[in-house]
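A.B. asks: Here you go, one structure.
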Amino acid sequence: STDPSERRHIMGTMLGLLTFEEEIPRMMKAAVYGLLPILTVGMSQSAIRGELFDFKGQVRFYMSYHMDPINILIHIPFVPTIMWSAFGMLATTAPLVKGAPKWCDMSLPIAVIYAAYYAVMGKKLSPAFAITAVSLVLAMFASVHIFHLPANVYGIIHIASWIMQFYGHAIHERRAPALLNNISQAFLMAPLFVLFEVAHGFGFFRKQMKEIKEGLKPVKLS
């Protein structure tokens, strides 16, 4: 559990976002430019190893860090809110090309990457799963441009969602998050993993889930 000083620091960070709304677009640009090379290298390495579009292998990798049922339940609402709030903060940036529509901001290429990746990966399960995955990405992208919430609201939702993620791993899973091992795979697969878990919870893809779990090797507790 966090000590009082850590809790005060977290609360201070969240409250600070209420007064630094104008800084969020600049911060998001810096985050994208900083993460892009790391994600590109990670995805390239996965592609070279033949892992990037291996649905079962990718889900198995992510699942190896998510074995506790409570932690999985925590991920089901908070992974989507992380993605949605990230789109929201990216949507506060200026259009990538001068004179382009407002929605042609930094959230657009990210949405295209996710939608394209999920179209390919989802089709390995079924066309319906692929359509659902792509539709969810596009719905998140569209919603942040329709409702135009303040940037600091997205920021607070984003931080709170990450806190819940790390709480789930520290208290219930007792394993480090997957992003500490492979950041590109973790960022790409987290929303798809959640959708797969939800679909399986409704009785779909039982055969595929069984095959994935047969080769599952949970990471060591840390």
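Each residue, glycine too, has its Cβ placed from N, Cα and C.
According to TrEMBL, the protein carries these features:
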TRANSMEM  70-91  transmembrane segment
TRANSMEM  126-146  transmembrane segment
TRANSMEM  153-171  transmembrane segment
TRANSMEM  183-205  transmembrane segment
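Looking at the shown structure, can you explain where the listed features end up?
C.D. replies: Counting only same-chain residues 6+ beyond the ends of the transmembrane segment (70-91), those with a CB under 8 A from a CB of the stretch are 24-25, 27-28, 32, 103, 105-107, 110-111, 136, 140-141, 143-145, 149, 151, 153-155, 157-158, 161-162, 164-165, 167-169, 172-173, 190-191, 193-194, 197-198.
Residues of the same chain lying 6 or more positions beyond the ends of the transmembrane segment (126-146) and with a Cβ under 8 Å from any Cβ of it are 80, 83-84, 87-88, 91, 102-103, 107-108, 111, 114-115, 118-120, 154, 191-192, 195-196, 199, 204-205.
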A.B. asks: Are there residues at least six beyond either end of the transmembrane segment (183-205) with Cβ under 8 Å to its Cβ atoms? List them, or say none.
C.D. replies: 35, 38-43, 46, 51, 58-59, 61-63, 66, 72, 75-76, 79-80, 82-83, 114, 117-118, 121-122, 125, 129, 132-133, 136-137, 177
